Amino acid sequence: MNPRGDLLDRLQARGVLRPLDVELGRCLLDLEADVPMELGLLAAAASLAVSQGHSCLPLSQLPAVLGEACGDDDALPELPAVEHLQQALQTSRWAAPASDAAVEPLLYDEERVWLGRYFHHEGRVAQVLRRLLSAPAPAVDADALRVALDPFFALGGAEPDRQALAALTGLISPLTVITGGPGTGKTTTVLWLLAAWIGQRRASGQAAPRIHLAAPTGKAAARLSESLRERIDALKVDEDVRQALPTTASTLHRLLGVRRGSMHFRHHAGYPLDTDLVVVDEVSMVDLPLMARLLDALPEGARLVLLGDRDQLASVEAGNVLAAVCAAAGEGAVSPARAALVHAVTGVWVNSHADAGRFADAVVELHRSHRFDGDSGLGQVAAMIRAGEGDALCRGLTEATYVDVHLDEGAAQHPPTALVGRHVERFAALAHCDDPREALAMSTRHRVLTALRDGAWGSHTLNEAFERTLRQRAGAEPDALWYPGRLLLVTRNAYGVSLFNGDIGVVLSDAEGVLRAWFPDAEGGVRKLALAALPECESAYAMTIHKSQGSEFEAVDIVLPPHDARVLGRELLYTAVTRARRQVTLVATPDTLRRTVARSTRRFSGLAARLTASSD
Ligand SMILES: Nc1ncnc2c1ncn2[C@@H]1O[C@H](COP(=O)(O)OP(=O)(O)OP(=O)(O)O)[C@@H](O)[C@H]1O
């Protein structure tokens, strides 16, 4: 055993480092006798940081990253000072400065260290996004842009219409990022943008463009398709424009052509997508490696439109590309040239700043919710969570200020009993639906969302409690896996049967009386599957908030544990609250709410800096 790895062993023994991290650190130490112990520690800690969602490790944050793993910074042994870490990086041939990206396994700059793979993913994302924005700008004709946008937007009002600004950006820029909270009109804007773009191309005699719609999960793709289909008929456009509008979104994996049993996609830089424009919804959920692969497969000359909510939880895997792009854009002022163009097209001046860069012109934030009016508790509560105003939130809730958001402290003592008592009837009704489509629609009316998976406040325990009663109601054996009305959540991608992690289905009998699983199909209908063909599934009466990302329900109960848990943070609670269209019940104590809102999850990444760096 290499004694330089003693610190790694001690950190593993204290539950800080995982065996995988230690293995990586020791591999590095074993390469040569003089590899400093600090380098092994940095490799192990950078690997741990990736598991926590970071794409790099700032050297000054070493204690924080290790401390987060064990929940107690004081339990850490003495760690090397930042200067010693820097020195170890600078003197070892197993680490290279970020400017010399060919060398692996570790890359560093003055502040950070990366595992080579994540450094390259960041580099690829930065390179393609910067390339998109550095393409020579085509000559723009303000009159033609006004004609293209006019059918959809009320141009010329006193205030800048940010939806029109977003669509204008999409018409002239190869990269457009539209961020905004729930109901701020992201999907509507993109539909109007696509219609305007198709109309514009048609007017200039060009062929209908090839447009692809995608989202990170099957559920989010289905919701995007459904939203677009609902709105398309009401569009006042020529029939051939309507026909050219896409209405079916796929998962990003499917778009890129996932290969069974392989990490590689069919489409990549050598065999790019056959497309003119790709729209990606729910982009906050897209992790860094997947974004790098998408951008790799984007052909030269194609456009990219990204939609998402920057305040939501970031992807489960490492990275937060949307946050980095928004950070690179700055605080919402565009360049003077863009402001002049917006004025020429819409007659309204928007804020501009001489220092605003290319990303500032590409990112448009939508602020106004069309779903919640100013009096809506949901809108106000979401805004308070986002702003970290825990005291104001608890005051409003305990004074019962809102008609659509309630605090239920009592139920937080023992959620399974309280929530099963309150909601089991609506889940039991699923078993009596004759039409699986109706059952699936009914199932979106309510959901229990919880911060945790395990323990008394976790989704497992809550689902078990629902299942006990529901099996009994259905006359099934106490341990029956399948029974009519069972609501299912797919937990593993199964490309063979086109089911994806996060898909929701229901178990009901078919016309022959055989129990089948029914899932929504891509065209807005349902499809049935033999139970034996299903991938790994669990019940979906209660879901973790992480799994609920990309879904929407009429009403949700949000369960937070009374004890502190690392996952609790304002992004988690904001994501949960914004899953509801009409009603939220917070099953939590005010103390837990305050603690949750006070904590903001950080993701360390070098991407924002690399997006705005003066050279690649
Ligand atoms: N400019 C507008 N004027 C009036 N209503 C609008 C406008 N833009 C969007 N809406 C309406 O607001 C609602 C929410 O819009 P939309 O679904 O586009 O928002 P979103 O940001 O995509 O929401 P989500 O967060 O659910 O994805 C829809 O009913 C839509 O018809």
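Each Cβ is built from the backbone N, Cα and C atoms, and glycine gets one as well.
Annotated in TrEMBL:
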DOMAIN    14-113  domain 'RecBCD enzyme subunit RecD N-terminal'
BINDING   GLY180, GLY181, PRO182, GLY183, THR184, GLY185, LYS186, THR187  ATP binding site
DOMAIN    540-587  domain 'UvrD-like helicase C-terminal'
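Counting Cβ atoms from all protein chains shown, GLY181 (ATP binding site) has 23 others lying within 10 Å of its own Cβ. Sequence-distant neighbours of THR187 (ATP binding site) (same chain, 6+ apart, CB under 8 A from its CB) are LEU224, SER227, LEU228, ARG231, ASP281, LEU307. Each residue in ASP309, LEU366, SER369, HIS370, ARG371 lies on the same chain as GLY180, GLY181, PRO182, GLY183, THR184, GLY185, LYS186, THR187 and has a C-beta within 8 Å of the C-beta centroid of that ATP site, without being one of the site residues. Residues within less than 8 Å, Cβ to Cβ, of PRO182 (ATP binding site) and separated from it by at least 6 positions along the same chain comprise ASP309, SER369, ARG371, PHE372, ALA382, GLU552, THR578. Confidence in the domain 'RecBCD enzyme subunit RecD N-terminal' (14-113), given as mean pLDDT, stands at 89. Taking each of the binding-site residues GLY180, GLY185 in turn and counting other Cβ atoms within 10 Å of its Cβ gives the largest count for GLY180. Shown for the domain 'UvrD-like helicase C-terminal' (540-587): DSSP residue counts in helix, strand and coil, namely 12 helix, 18 strand, 18 coil.
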